[in-house]
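As given in TrEMBL:
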SIGNAL    1-20  signal peptide
DOMAIN    64-177  domain 'Purple acid phosphatase N-terminal'
DOMAIN    189-402  domain 'Calcineurin-like phosphoesterase'
DOMAIN    471-518  domain 'Purple acid phosphatase C-terminal'
Amino acid sequence: MWMWRGSLPLLLLAAAVAAAAEPASTLEGPSRPVTVPLREDRGHAVDLPDTDPRVQRRVTGWAPEQIAVALSAAPTSAWVSWITGDFQMGGAVKPLDPGTVGSVVRYGLAADSLAREATGEALVYSQLYPFEGLQNYTSGIIHHVRILGLEPGTKYYYQCGDPAIPGAMSAVHAFRTMPDVGPRSYPGRIAVVGDLGLTYNTTSTVEHMASNQPDLVLLLGDVSYANLYLTNGTGTDCYSCSFAKSTPIHETYQPRWDYWGRYMEPVTSSTPMMVVEGNHEIEQQIGNKTFAAYSARFAFPSMESESFSPFYYSFDAGGIHFIMLAAYADYSKSGEQYRWLEKDLAKVDRSVTPWLVAGWYAPWYSTYKAHYREAECMRVAMEELLYSYGLDIVFTGHVHAYERSNRVFNYTLDPCGAVHISVGDGGNREKMATTHADDPGRCPEPMSTPDAFMGGFCAFNFTSGPAAGSFCWDRQPDYSAYRESSFGHGILEVKNETYALWKWHRNQDLYQGAVGDEIYIVREPERCLLKSSIAAYF
């Protein structure tokens with residue numbers, strides 16, 4: 001029988017409790033698969049209406065709105081974007097002249113000393129439909145200004161607009177540049193969210209995310225869900241269910257983009273946000289043009305990272321090299337994206353940026369029935385290349401549920417494989433994924449026709465392992481470590497060149513200080529780096 005005398009047993013007990021509370025680590029090997037039971041309450045998955053003050057236009061004249069900051073490829077520069085003037089909707093719309101208003105950012109190290117100035121470019125985009133009765137759209141004037149010569153890890157104050165026009169400059173905002181590139185400096189917190197939309201659940205996610213004070217936000221596609229609406233503003237939870245048989249083209253209601261930009265401005269004007277496209281950004285229009293809103297509204301370090309594409313690019317933040325890839329652009333080995341990826345990976349110096357983190361929209365390793373193995377062609381084309389360069393973490397969205405994998409390569413547990421994390425339900429109004437491909441009777445049929453934007457069909461029956469001869473596993477696969485149908489966001493805290501702490505914050509835990517899932521992701525460069533141009537720092 002234990003005799004609890006003095007303070008030593010209490011200290012031992014406290015140490016044991018602390019040890020028990022310490023998050024698991026990938027160094028411990030693959031964890032046993034966990035499925036969290038489904039909660040019945042989905043929250044408030046209803047879109048904010050256009051009467052909500054948070055989405056209404058609050059400026060007049062040429063004053064800027066929808067202000068946003070994005071990173072350049074290096075921490076010595078950044079992008080500031082905003083919109084002036086209002087959009088137009090109607091059968092016949094006349095685009096505004098982008099030259100009407102200047103694109104100027106004044107900035108400095110103090111709010112009352114904005115002595116430096118940068119200028120940029122402006123554009124207008126339209127969403128047009130060649131069908132009688134459909135409403136066309138043309139945007140306000142969208143401005144993008146790249147600021148150069150910044151100091152890493154420094155807070156800058158700025159105003160944007162046109163100082164030559166009375167009332168055409170914004171209030172003073174501030175943002176902080178990323179830490180200097182190197183193996184011992186990292187952003188404090190990186191928020192990761194997908195499929196955000198603009199519902200009351202979205203507001204919970206954004207409030208929760210903002211309370212964690214991230215230094216950077218990664219938004220992994222499906223932004224405004226404007227394409228869940230007809231051009232007359234009628235919305236639905238499922239476009240194909242409600243409208244597909246009655247409309248000549250997949251319509252969109254582009255003002256939802258403006259509503260989203262206005263709602264998000266308190267976050268995006270102060271915290272850099274990096275975006276990659278999802279399927280809801282396709283938005284086909286006249287002449288088979290696609291991705292017009294996505295390409296026009298956001299700034300990307302495409303030129304700086306030499307991708308020259310808004311769909312895929314890279315950037316550095318401290319000791320992390322981020323690669324954002326496109327699931328809806330050509331990813332074949334003969335395509336431009338693949339060739340760019342080869343060049344970008346070959347230039348990464350792992351003694352300077354030890355961490356290699358990638359993000360794209362459609363997950364390669366999801367065990368939910370929704371979108372099951374949909375991105376298999378992309379995985380077949382790109383996984384081996386990324387594996388050979390020691391990819392550490394992959395962030396994706398799309399599935400409308402949370403899932404984290406063990407380290408995996410080619411469906412096999414591999415200590416040198418990447419950890420894949422899907423954060424695909426930030427609050428959108430579409431149905432949450434709740435069934436798994438391994439649930440009895442839930443295995444989906446293989447696609448009978450290739451998806452035009454996903455690039456084909458590659459998901460055949462497994463040829464080896466526990467699921468050999470079948471399209472689905474008959475249980476939660478070994479590579480799936482943790483899965484849960486919940487709204488939320490993730491926070492990545494890179495501690496040093498080998499340790500990073502990942503936390504999944506569910507919306508229902510907003511006021512409880514709890515997390516749904518957490519783990520230390522640990523790099524083992526001496527074991528796993530195969531092809532990096534320069535050996536990793538360790």
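Each Cβ is built from the backbone N, Cα and C atoms, and glycine gets one as well.
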Exercise for the section: Averaged across the domain 'Calcineurin-like phosphoesterase' (189-402), what pLDDT does the model get? Just tell me the whole number, please. Expected result: 96
Practice task
Could you give me the DSSP helix, strand and coil counts for the domain 'Purple acid phosphatase N-terminal' (64-177)?
Solution key: 3 helix, 55 strand, 56 coil
Exercise for the section: Could you tell me how many residues in the domain 'Purple acid phosphatase C-terminal' (471-518) are helical, how many are strand and how many are coil under DSSP? Expected result: 3 helix, 22 strand, 23 coil
